[in-house]
Amino acid sequence: MSEPEPDVKPNILITGTPGAGKSYLCERIASELKFEWLDCSKIAKEKNFVEEYDEEYDCPILDEEKLMDHLEPLMAKGGNVVEYHGCDFFPERWFQAVFVVTCPNTTLYDRLKERNYNEKKLASNIQCEIFGTILEEARDSYKSDIVFELKGETKADAHISIKTVKNWYRMWKRK
């Protein structure tokens with residue numbers, strides 16, 4: 001494989017169940033690696049990339065097509081840390097690494113309760129974490145050698161996860 005140009009940076013996806021610790025990691029990883037942090041939920045709200053509102057789960061439903069049209073030119077440049085709680089609709093070509101943040105369901109429950117999730121939404125997200133739905137989705141959507149699991153329960157876990165991503169980046173630059 002040819003060496004990447006010195007100023008070329010990969011795109012990294014950080015995904016996982018809401019409340020697992022994605023934002024904390026993304027903020028620090030983007031800062032330390034000098035990447036752009038693209039929080040897809042925030043972008044969707046700001047740009048109104050919403051198809052409708054789901055009353056049952058008390059949340060907007062993402063217009064994936066509009067989001068992807070918006071992200072395409074940014075992804076072409078590289079150097080992005082993309083955050084979202086799903087991953088199966090992003091083009092595989094966009095990412096050189098996919099990190100899935102996981103968290104024990106008891107910790108996740110407490111975090112989602114703090115966010116005032118309704119009972120149905122809370123139960124759905126806890127079930128998603130228990131069954132490893134996002135990790136399975138990532139493994140089904142991307143090559144296995146670019147999918148990694150990170151722990152998001154504690155600050156110590158987060159520091160280890162940040163080191164893991166930074167080490168991955170160092171190795172990627174050597175290819």
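Glycine is no exception: its Cβ is also placed from the backbone N, Cα and C atoms.
According to Swiss-Prot, the feature ATP binding site maps to GLY19, GLY21, LYS22, SER23, TYR24, ARG115, an assignment based on sequence analysis. Sequence annotations record features per position, and here Swiss-Prot assigns region 'NMPbind' to 39-62. Here Swiss-Prot flags 114-124 as region 'LID'.
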Chain-internal residues, separated by at least six, CB under 8 A from GLY19 (ATP binding site): CYS103, LEU108, ARG111, LEU112, ARG115, ASN125
Rounded mean pLDDT for the residues that make up the region 'LID' (114-124): 93
Residue with minimal Cβ packing [other Cβ atoms within 10 Å] among the binding-site residues GLY21, LYS22, SER23, TYR24, ARG115: ARG115
For ARG115 (ATP binding site): DSSP state (helix, strand, coil): coil
Secondary structure of SER23 (ATP binding site) (DSSP, helix/strand/coil): helix
Cα-Cα distance, maximum over GLY19, GLY21, LYS22, SER23, TYR24, ARG115, record's ATP binders, Å: 15
